[in-house]
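Here the structure is laid out as structure tokens; the discussion comes afterwards.
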Amino acid sequence: MYRQDHVFVVLCAVLLAGQVTAVPAGTGINPHSPPLGPFESVRFASQTQSQIASSRGPFTWLRDTVIERIWGIDKKHSNKVGSQPRPEKSWSRYGSDIVLRMEVHSTEEVEALADAVNILFLDVWDSNENYVDIRMAKEVVPSLLGLLPQSLQKSHTLLIEDLSKAIYESRYPTRDYQRHTIDQTDCHTVPRPLDVADLFFDHYQPFNVILQWMRLIVSMFPSHAQLVNVGVTHEGRDIPAFRLGVRSRDDEQEGPRKTIMIVGGSHAREWISTSTVAYIAFQLVTEFGNSVAITKLLEDFDWVLVPTINPDGYVYSWDMDRLWRKNRQPTGLPFCPGIDLDRSWGYEWDGQGTRANPCSESYAGNNPFDSIETRTIAEWAYNQTQDKRTDFIGFLDLHSYSQQILYPYSYSCSTVPPTLENLEELAFGIAKAIRMTNQEAYAVKSACEGVVTTDKGNGQRVSANVESTGGSALDWFYHQLHAKYSYQIKLRDKGMYGFLLPPEHIVPTGREIFNSVLVLGHFLLGEDANALEWEFIPGSKSTSEQENGSSRTFDRLFFNMNEDELEKPGNDRDYSSVVEEDVYQDEGWGLW
């Protein structure tokens, strides 16, 4: 702990004492890059109600009027959904926006909702087999309901009543500079003493601060931390990553290095994913040499951690639009830039449905790997394997929200992954680690099951989805690079805050996911892990603290499951023999 305290005293002095600067397009991760330009803060605008109404624009007004005239929507649907007073300073683009949760029960309802979303250009926040969360202006609610079947017109609840106010409060919380923990039973906060090691994670950080922090970390721990560039963005920014690990002098003769890759920030607005990747990296770096288990994990494996694979979008979400999702690459429509990075990967790309609609939040581009970010990251990862330096055995793609642990495949439920049994067993182990940290429940399911499924009566299950599901990073790393322990983890919460998760959730979320990473490492080490002493980071209300007040007891409680519940990696079915289309046997890339 002394080591972490010392690190953060230096971090605070370096990062907080200087002027905050922005990372302009084209700036690399080289510590000797030219001086950075001034940070341009977000502008707020006070609005009257008439200004809010007019800010929707003539196109929105015309669209709603035409829809109401064609479908004859009853004015009774124009209920008041938001009545809270607007803060003095707010985000004008979301002046009257709300978030609704539509409860769905059949394929027909999902298909009708998907059509309405496309017609009205709505923003889907989350969707699964039970509900769909949608952001819209409250003036659009009657238009939406008029497009839906009768069964859906009353099957909705209000999640966020005043989105602009929620955005403002998430950026500028009115609370003392004292750490709070989350009361998991009623979502209230209870004060606890400030931990110096949590200072950097007390708030979300802009990209320029994250980059300076990464440079500082590798300069302080050069023996086991490197800063590498895994790709480039449309605006010319490098995509920085930590590469953690300790290689022996005989590394050249040892063959490819087993590597786990953890990424966040595919969708720019999912700030908690970026902070969580940074938290995991910090714990691995600073506990090397202190923790026997973590030292072993960095000696046996390389860890590539990318806080955000979408720096352009992340910067834009800070400077201009907090809820921006895609990258910033131009499309066929000048006023609708951006490609959804998690729909742009080459394996089972299915972007035909959104090809004609660049304004869609799930726009996958015109072709597989149309986004510069996914293409350059794929090239980097593939080249690492071709140089016989890297063998990707694990991949974690962090997102928000909904608290789910998803395993391949995303594109279809009709294809069974060849390592399904071990994928499920490890996923349940990860979920157990999270639950024992903070009592947070994470569901475990196939990534394709975020849809409505119905039984036609003949045993055939039919599925429908509000968004396309192909072209995911999860499927590409699992199938193309054979990273056989690949997961997409959707972090907190379950909809109360959505993408606007308050900063007091950063550390609790980081702790529970870091404990999940320890479970992954324990699993990958196999029998060698049993001889090590494993120490979890206790949560605010961990099982160990409640029952025994001991983190060691918590470790034993969890890892007792390995002998009876978790299979060792050596028990896998032969992966390469199951995957017939081995990309490494193709001429050239064979990846696109």
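Numbering starts at 1 and runs along the chain as displayed.
Note that Cβ sites are derived from N, Cα and C of the backbone, with glycine treated the same way.
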Check Swiss-Prot for me: it has HIS267, GLU270 binding Zn(2+), so pick out which one of HIS156, HIS203, HIS224, HIS399 it puts in that same site.
HIS399
As recorded in Swiss-Prot, which of CYS336, CYS413 forms the disulphide with CYS359:
CYS336
When distances run from the Cα of ASN383 (N-linked glycosylation site) to each of the binding-site residues ARG269, HIS399, TYR401, the nearest one:
HIS399
Rounding to the nearest whole angstrom, report the longest C-alpha distance spanning HIS267, ALA268, ARG269, GLU270, ARG325, ASP342, ARG343, SER400, TYR401, listed for substrate.
17
10 Å Cβ neighbour count around ARG343 (substrate binding site)?
31
Checking the contact step here: among the recorded positions ARG325, CYS336, ARG343, CYS359, TYR401, which have a Cα within 10 Å of the Cα of GLU270 (Zn(2+) binding site)?
ARG325, TYR401
Validating a neighbour-count step here. Other CB atoms within 10 A of the CB of HIS399 (Zn(2+) binding site): how many?
23
Of the recorded positions CYS336, CYS359, HIS399, which sits closest to ARG269 (substrate binding site) by Cα distance?
HIS399
